[in-house]
Number of protein chains: 2
Amino acid sequence: MRQGNQTVAEYPRYAGDLNEGELLARIFPRLGSGKALLGPGDDAALLAAPDGRTVISIDTLVQDQDFRLAWPGGYRTTGYDVGWKCAAQNLSDINAMGAVPTSLVVSLTLPPKTLLTWVEDLADGLSAALRALGAEDCVVAGGDLGRGELLVVTAAVTGDLQGNDPVLRSGARPGDTLAVCGVLGHAAAGLALLDGGTDYALLGAAARTLTAAQSRPCPPLATGPAAARAGANAMMDISDGVVRDAGRLAAASGVRIDLDPQALEREAEPLAEVARSLGRNALDWVLGGGEDHGLLAAFGEGTALPRGFRRIGTVLEREAEAAHRPGQEARGSRGGDDAARSSGGGKSAGLITVGGRAPSAAGWDHFAG
Amino acid sequence: MRQGNQTVAEYPRYAGDLNEGELLARIFPRLGSGKALLGPGDDAALLAAPDGRTVISIDTLVQDQDFRLAWPGGYRTTGYDVGWKCAAQNLSDINAMGAVPTSLVVSLTLPPKTLLTWVEDLADGLSAALRALGAEDCVVAGGDLGRGELLVVTAAVTGDLQGNDPVLRSGARPGDTLAVCGVLGHAAAGLALLDGGTDYALLGAAARTLTAAQSRPCPPLATGPAAARAGANAMMDISDGVVRDAGRLAAASGVRIDLDPQALEREAEPLAEVARSLGRNALDWVLGGGEDHGLLAAFGEGTALPRGFRRIGTVLEREAEAAHRPGQEARGSRGGDDAARSSGGGKSAGLITVGGRAPSAAGWDHFAG
């Protein structure tokens, strides 16, 4: 975290020392000018939607749930981390549809004793993530500021399909290859390091790469549209662990999925040393670890996997018994029924095997967790 | 608040008793099916943007800041109230641009001990507000759910300009008539009633109308597009009080505004009795009260005011001294500079008079408040 030179009492130091307009004036210059048809300053912003459609999603980070301000090992979450992660997890949702991100609108709820430097860092982290992840054409088009006793950062994100069809969770077909892009389990390993009491100052470079995967995830943004162009049948972002998310994809598609144990072992290999040092199992992180924001996609037999994708399993026909369990066929419809697609609970249980057997970890659930 | 019959222990009672998917399955059926090209269930939703543009804004309600769960007079904020208010304040931002709302995406942060009936009520309130306020074509296209120690409800809202130009804050010109639509000060009077310790059970019908204006505001949705069609030069929603918001409009437009004392007295008249009973001044509520979500608009001389608008003042040329104060000319530009438009602080000080004199109340500021 940046250390400002603000010891003189008359200089504002905390968010609560400024009014809303003064605080916005600290934030907006850090976000770049961008290309919205109309940016911040009016009641709403105006974006171009060149193909007559807009992809939209929303995601929230809450203090003490999605991040800790101070971790047991001594690491202090910076505003930069939170801004980066807010951008990354939202951009990932657009990527997962095969679209290109076009804008963020961001709502900040700040305790009055939040340091101004922390808030400025947050704006810098947002902005840096857009550039570093390759979303240069994505603008911060507007926002909202308010007080609250907890730090809460919500962004809504829009995207442009550039005339293409969106890639849904529901399109996987028996015989498809299941593939991933981006890392698996790295953010979970980083969480274990930050949360486990290991002194952050003593961590080596490899371990710090993993804590950075937790604090500042790097969704592979160009690969979503590339997978769409390659003809992916189904796609989603891996935010809650590959077992849970593959279960959702299988439930939405009316299929089941067998994951390849050897492929998963390969994914676990880079995490093995840190896992040993913490007395943990790297494979659990690979199977159940959330927040990596890679992509999970199903490609038809014979489709060459786009650059960055690795095969991790096979889409199979659902057995008669499972196929007739109530609530599992409700796919392809829209609106209320689709809530079932998001279920991490019973609806997708039994749809995922690893080498034909039940998996050992079930992914992350915000409420059951 | 609805009283459920959930005393049997094995029935889930709190948000924390369900996983994310189960909780979503409680919420989505209450929101209606709607007309999104792709609704909830995938990583993002897909909306039509018929004229190739999308209006977007975001707004947050935080427990203990924007509402209290229990008020001193005994009123308990229902989930229905919060859902309604969330919809209303977001829809109002789209209305203020002269656009028609098309979608909401909603992020809920819920303490695990939130009653499920309260969450269901919230979904009902959201849905009811869309219908009651005339936004039937606005769909809840998606959302996000998470835990937190405070209730936080954020929605992003999109709108369709239907081929028209957006009406900005910056277009008011000397000679324009300043007009309002919707109520002024009613939500503030309601807040005073709820917050003042008056026993809610003993309030009469007129007072309850005012508390409802606070809990479930009714922005005049059709009038934004109507004002745009009538040729409004500038427009914004009145969320922080007419003095503060008129100051923002004046700052953005490079003008000053004189409010008409007689017109303001007329606005205060319906509040006079409640004000007397509380020992308060109704005019302070009219001038400074936020959260009514009416519209403030400037119309050119000779323009017939659209139905629902009342004249409350006149747009005047800014004096040379004020016009050259640093930071006040930065209008019409986009991005970082526009932060100044949102300033409730020094930037708009002195731009508003009432019958030629400084006003008595300065409106609401989330941080200075």
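Keep in mind that glycine also has a Cβ here, set from the backbone N, Cα and C atoms.
Note that the coordinates shown come from a computational prediction; the quantities given were computed from them, not determined experimentally.
Straight from TrEMBL, the features:
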type	residues	note
DOMAIN	A:41-159	domain 'PurM-like N-terminal'
BINDING	A:Asp43, A:Ser57, A:Asp93	Mg(2+) 4 binding site
BINDING	A:Asp43, A:Asp93, A:Asp237	Mg(2+) 3 binding site
BINDING	A:Asp59, A:Asp144	Mg(2+) 1 binding site
BINDING	A:Asp59, A:Asp93	Mg(2+) 2 binding site
BINDING	A:Asp66, A:Glu291, A:Trp364	substrate binding site
BINDING	A:Gly143, A:Asp144, A:Arg169, A:Ser239	ATP binding site
BINDING	A:Asp240	Mg(2+) 5 binding site
REGION	A:319-355	region 'Disordered'
COMPBIAS	A:319-340	compositional bias 'Basic and acidic residues'
Three-class DSSP secondary structure - A:Asp93 (Mg(2+) 4 binding site):
helix
Can you tell me how far the Cα of A:Asp66 (substrate binding site) sits from the Cα of A:Asp43 (Mg(2+) 4 binding site), in Å?
29
Please report the DSSP secondary structure of A:Arg169 (ATP binding site), reduced to three states.
helix
For the binding-site residues A:Asp43, A:Asp144, A:Glu291, which one has its C-beta crowded by the most other C-beta atoms within 10 angstroms?
A:Asp43
Restricting the comparison to the binding-site residues A:Asp43, A:Ser57, A:Asp93, A:Asp144, which residue's C-alpha is spatially nearest the C-alpha of A:Ser239 (ATP binding site)?
A:Asp93
10 Å Cα neighbourhood of A:Glu291 (substrate binding site): matching binding-site residues from A:Asp59, A:Asp93, A:Gly143, A:Asp144, A:Arg169, A:Asp240:
A:Asp240
Please list, for the domain 'PurM-like N-terminal' (A:41-159), how many residues fall into helix, strand and coil according to DSSP.
34 helix, 48 strand, 37 coil
DSSP three-state assignment for A:Asp237 (Mg(2+) 3 binding site):
strand
Is it possible to get the count of other C-beta atoms within 10 angstroms of the C-beta of the residue listed as 'Mg(2+) 5 binding site'?
24
Cα within 10 Å of A:Asp237 (Mg(2+) 3 binding site) - qualifying binding-site residues among A:Asp43, A:Asp59, A:Asp144:
none
Could you say which of the binding-site residues A:Ser57, A:Ser239 has its Cβ with the most other Cβ atoms inside 10 Å?
A:Ser57
